[in-house]
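Copied from TrEMBL, the annotated features are:
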- 1-53: region 'Disordered' (REGION)
- 43-52: compositional bias 'Basic and acidic residues' (COMPBIAS)
- Asp119: active site, nucleophile (ACT_SITE)
- Tyr174: substrate binding site (BINDING)
- 212-314: domain 'Pseudouridine synthase I TruA alpha/beta' (DOMAIN)
- 378-400: region 'Disordered' (REGION)
Amino acid sequence: MAGNGEALAPAGARQEQGTKACSGWRGAARTWEETAQQAKKLKSSEDGEPPRKLPKRKIVLLVAYSGKGYHGMQRNAGSSQFKTIEDDLVSALVRSGCIPENHGEDMRKMSFQRCARTDKGVSAAGQVVSLKVWLVDDILDKINSHLPSQIRILGLKRVTGGFNSKNKCDARTYFYMLPTFAFAHKDHDVQDETYRLSADTLRHVNRLLACYKGTHNFHNFTSQKGPREPSARRYILDMFCEEPFVREGMEFAVIKVKGQSFMTHQIRKMVGLVVAIVKGYAPESELERSWGEAKVDVPKAPGLGLVLERVHFEKYNQRFGRDGLHEPLDWAREEAEAAAFKEQHIYPTIISTERHERSMAQWLSTLPVHNFSATTLAAAGPDTKVPSPLEGSEGDGDSD
């Protein structure tokens with residue numbers, strides 16, 4: 001048709017043009033999607049968050065901290081009044097891009113668990129927490145950059161997917177650092193910084209501490225625990241006092257105790273009762289009597305000198321530590337750094353706080369008030385109800 005401006009293309013040519021147009025549209029769509037994905041990745045990196053496809057891995061962190069100024073280790077959900085170690089730790093994990101922000105608000109989402117719930121003012125050189133994180137580059141440096149100097153992450157290891165640091169922990173080792181004038185006889189000056197522990201007194205202290213070894217009923221060494229509750233029975237593997245040493249003109253000693261688990265205030269009361277006996281306020285028979293069913297008045301030593309030194313995972317190491325996939329949780333490579341942290345942050349805090357606040361000296365002045373010969377049951381009379389096995393149970397979590 002000569003009147004038309006354009007001639008119709010053959011059918012085959014029209015089909016080819018349609019195919020090209022369709023493929024061109026699909027190519028443009030792919031280009032747009034790739035550009036959008038790149039923009040998302042760029043925005044993600046600008047926000048400091050790792051790409052969403054990065055898988056989360058179960059790890060453990062070796063944590064050291066000085067507990068002064070903190071209300072214990074465990075985070076109090078919904079309470080910002082009392083700052084805890086976990087408050088600062090979780091904030092650092094979020095800011096370093098290891099966990100999303102909503103996991104910081106609900107710690108169950110990252111399967112967070114700690115080995116021990118250390119109490120207010122208590123420090124640690126070897127706390128271990130387990131959690132799921134994004135394994136970002138330079139993860140330890142990034143986390144530590146968002147932490148105060150009195151909290152440090154010393155090490156990280158991959159663990160099995162079902163690992164729980166509290167349940168897999170076989171034992172905990174604590175130490176309690178105190179000025180040796182705490183062992184001076186009650187007729188001695190309450191705070192005589194020139195006092196030096198004699199070899200005979202040290203032997204006496206260690207003989208008493210050794211009595212704690214084995215399984216005993218420690219219901220008198222905690223609160224709200226009935227004497228017939230099975231969880232009041234705890235197994236102590238070892239307890240002893242090391243040779244004393246002098247710092248800034250004052251002599252100190254370190255008591256070490258290793259046990260399967262400890263209840264709230266248990267270690268501080270174990271130390272407190274031995275101090276009361278050595279000073280002459282209580283007879284040695286008070287130790288054995290405190291393991292009976294009667295309620296005994298056991299003094300609680302200050303929390304200042306208590307430090308979680310190490311947690312043990314012997315059974316886990318036997319099963320998984322040599323399987324070629326996981327490392328044993330022994331932290332041998334981190335020991336030097338842990339020792340340096342104690343020298344820099346823990347020992348100086350204990351010494352300076354004792355000098356300025358005199359917590360041990362003030363506590364020693366309260367020992368004469370304790371009545372070591374009376375019991376709650378005897379004072380209340382013969383009709384006093386013995387607590388039931390389930391009354392006031394706190395569970396098996398470490399809290400000292």
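In case you wondered, yes, glycine gets a Cβ from its N, Cα and C as well.
Owing to the predicted nature of the structure, the values given are computational and were not obtained by experimental measurement.
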Other CB atoms, at most 10 A from the CB of the residue listed as 'substrate binding site': 27
Integer Å distance between the CA atoms belonging to the residue listed as 'active site, nucleophile' and Tyr174 (substrate binding site): 13
Other CB atoms within 10 A, centred on Asp119 (active site, nucleophile): 21
